[in-house]
Each structure stands twice: as C-alpha cells, then as structure tokens.
Amino acid sequence: MTLSPTTMAAVRASGAVPKSEYLLTAEGVRKEFPGVVALDDVEFKLKRGTVHALMGENGAGKSTLMKILAGIYYPDQGEVKLRGAGIRLKSPLDALENGIAMIHQELNLMPFMTVAENIWIRREPKNRFGFVDHGEMRRMTAKLFERLKIDLDPEIEVRHLSVANRQMVEIAKAVSYESDVLIMDEPTSALTEREVAHLFEIIRDLRSQGIGIVYITHKMNELFEIADEFSVFRDGKYIGTHLSNEVTRDDIIRMMVGREITQMFPKEEVPIGDVVLSVKNLTLNGVFRDVSFDVRAGEILGVAGLVGSGRSNVAETLFGVTPASSGTIAIDGKEVVIDSANKAIRHRMAFLTEDRKDTGCLLILDILENMQIAVLQDKFVKRGFVSEREVTAACEEMSRKLRVKTPNLQERVENLSGGNQQKVLIGRWLLTNPRILILDEPTRGIDVGAKAEIHRLVTELARNGVAVIMISSEMPEVLGMSDRIMVMHEGRVTGILDRAEATQIKVMELAAR
C-alpha cells in the first residue's frame, strides 16, 4: 500500500510509525528527461543511525535520485518507501513534513533575514495576540543550537555569515522539522579543513541520535572518514553497496568508472618547443611581485602554492583581468601589453577560471550560447554577420570531441553535471584555437572519471604544441601532469622544479617558506 504524504505525516505525528530496518528505500526507480535516461531501475536503502555515502561520476544519477527522495522530482517508475511504507512525495514540503530534509550544494537561505527567522520561516511561534513571538523564537533557536553544538547568534542576519555557518543554519533548520532523514549534497565543497572537522562532529552527533544521513561526495577521503557504507552509481544505474571499511580507494574507482584506472595522470613525453610566453618581474601592487617564468610550446607548467599565495591573481593579470603594475609579458619574444581579456584572446591566450559557476558558465544559457561566446566577434563573422550554421557545426563537433553528456546543444548549462559544465568551458576556449592555455583548478569539484578525461585532453593539447599553465591545489595532479612546477608563497615565486626532481615534500617546503 502507498500512503499519501498527508496520511504518512499524520501517522508519524501520532507516533505509530511502522517499524523497519530501513528508514528510506527506493526500488526499481526510473527517471527520464528529454533525450536522457537519468535513472534506470535504481535501488537504494538507508538504515537508521548511519551515514550512507553516494559515489559516482558527474551525471551518474546521484543528485536525480536524491531529488526524487526529497520530493523535488517524481519517478516515472518504481517505488519509494519511508519507514517501510510506500509513499508518494509531491513536493519538498511533503518530504519535510514526513521527516526528509535535503541540504543542497547551493544553500537556500534568505540573506536579509535573521538566523532564527530562516529556521522557523512559516512556522514562527505566535503570542496570544497572533503576532510573531520573537523572544520565544530566540529561545527555540538557542535550544536547537545547544542540541547541535552550534555557536551562532540567532539574531544575526544570514548575509553576514560564512558559507560554513550558513550550512550550520541549514542543518539546524532541517533538524527543527524533527527530520530523521537528512540528505547532504557536497556539503564540504566550500569549507576549510577546520570547518569540515566541525561539520563531521555534528554529523556524528546526528547519527548517534538515530538520524539517517545520505552524503553525496566526490571526495574519497571523506567517504572513509565519515561514511558507514556507500552506494555507487554509474550512467544512471545502481552498481552496488558496500561497507566503507571493506574496500580500497582503487575498488571504488573501478566501480565508479567501470574500468581500471591505472594511470590517472596520462602525462606523455612530448617534444618541448621554443619559448611561447615569457614573464619578467610581473608585479601587481599589494598582491604579488617580481614573478618571472617562461613556458614553451608543448610544455605543461604546473603552479602550486597555498591559499593566498597569489597563483590565481597572476593568471588573471596574464589574461588582462587585472592589469599589472609593472613587469613585462612577451609572446614569441615580442613584448606585448595585455590590459583586457579581448587583447589576451587576440594573442591566442585562453583562461579557464577557478570558479566555473561565478566567473565561467552562464548557467541560464544553453550549451551553444556558452560555447560560442569567445569566438563570435571574429572567427565566424563574415561581412559583418555571424554564420550561425558554422557556429553550430563547430560547437557540435567540439561537444562530441569532449564527450559532453547532453541530448542536444539547447540544454541549459545549469542542468549539466559539474564535469560536463567544465567541458563546455574548455570547449569554449578550444574554439579560439589557443597557443597559450591557462587552467585554474581545472578538475575542482568533478569526479574521478571526468578528471581523467580532462587530464587526457590537456596532454593532447600539449602534444599539439599548446603552452599550458595549470594551477592546482591537488598535489598528485601537479606532480603527475607537469613538466615543471612553479611554487608561490605570499605573492612571490619561491622556486621552479623540474619534473624529475619534484616531490611532494619539496613542493610543500617551497609553498610554506
């Protein structure tokens, strides 16, 4: 029997909740979107008092399944059971009232409302005159925070909080509904190491209270640290569920990608040509100074350094986003002035920014519109008019080459997985036929399979003579992909290491100097 959300909520409120080993299950679930099967005969089982991680490449179906379980989507086939009874969730509010809360990667709070107002919105306590009882709301919030060991002022406006503290408010809001199922989508993507540790303390405490937590992540170390068990999805299919302490990292990778990955960093020895880009004493007052390096055709120059070292600032200056205070930039031995992105593009330079959502993709536009932005002013203009046919053909070919998973180029970029969004951005710049490619954190926030694809693409570009500058915070990536590694600390270059001599210890010594 399948219960309506209202009936299920009433049963839950009465305390007569059906007993089951599992809090939440999905059986035979299928979900299609135009041209794409997002989920195909998927199953999932969440036990009480456990953290269950979901793993899989971008586009594997993890988020789609969670949106079904949270009432955002409705399955085309299959059944969802809550505490052993079938249920049809028609909306996120239905899910909340039945004890299922989802904390999205993009946090959903009202910035100009207080912490307390955000938590109790539409459920504010009222005084005997029917007005909001702010004093009682503060007390309720303080009691909730005490339970969760959260140290925040209930009266502060959310816009003044860090991302980590906003996440704490979201968790508190979910728990305030007496939720016993909590779904967390990439909760640590914008957190520092200390903030992650605090979040894990709260998750462990919630687990000890019998709450079941679904934890979507790309980070393998988090799975082993916080998850009791995990399920893997691939291409919209359920692959399997295992205890976290019974598998290795390589086991999980094999399950995720469906093949052995013996070489995550397919660096090849390619002929290194002449110097393409030469930077001398480049300075941006107050940010970095006297930065000097060369990059040759076919070379991958890795750039390493801790947060605040100035790596991204150097990239932005090279591309003309923030013009230098002093120093010189030369291309093919000829000094050039690059004080705008347009000038950089004219010199056949391309720049994949660190944050694909804020400074890269135009999320509300489709793939075609995103890909063509950098080339409309020149490459496909004839007699003052844009050749739409040629633009579309070039973008379709690039999409196939990069293996962007999409039914067509009219798909909005916001609907793509992180890895496919990154491919769209790379495709945008490859259409300009660059000679110098600057990549700032090219694989951040994407899954292991998509990372391997991007690494192969970068290697292919180097083989074709492109000079590549690759900024990365992932040490294995820097060591595995670079011909040389430039290390920065507090706005200065502290050393440049050849591939043969570079080790993690040497890089960290230079980065912390």
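Just so you know, glycine gets a Cβ as well, placed from its N, Cα and C.
Taken from Swiss-Prot, the feature domain 'ABC transporter 1' applies to 24-260, supported by sequence analysis.
The ATP binding site annotation in Swiss-Prot covers Gly56, Glu57, Asn58, Gly59, Ala60, Gly61, Lys62, Ser63. Mapped onto three states, the DSSP output places Gly56 (ATP binding site) in coil.
Feature annotation from Swiss-Prot assigns domain 'ABC transporter 2' to 270-510; the stated evidence is sequence analysis.
Long-range Cβ contacts of Ala60 (ATP binding site) within its own chain (separation 6+, distance under 8 Å): Phe233, Arg234, Asp235, Gly236, Met256, Asp447.
Neighbour density for Lys62 (ATP binding site): within 10 A of its CB lie 29 other CB atoms from the protein chains shown. Every protein chain shown contributes to the tally, and the Cβ of Gly61 (ATP binding site) ends up with 25 other Cβ atoms within 10 Å.
Across the binding-site residues listed here (Gly56, Gly59), the residue whose Cβ sits among the most other Cβ atoms within 10 Å is Gly56.
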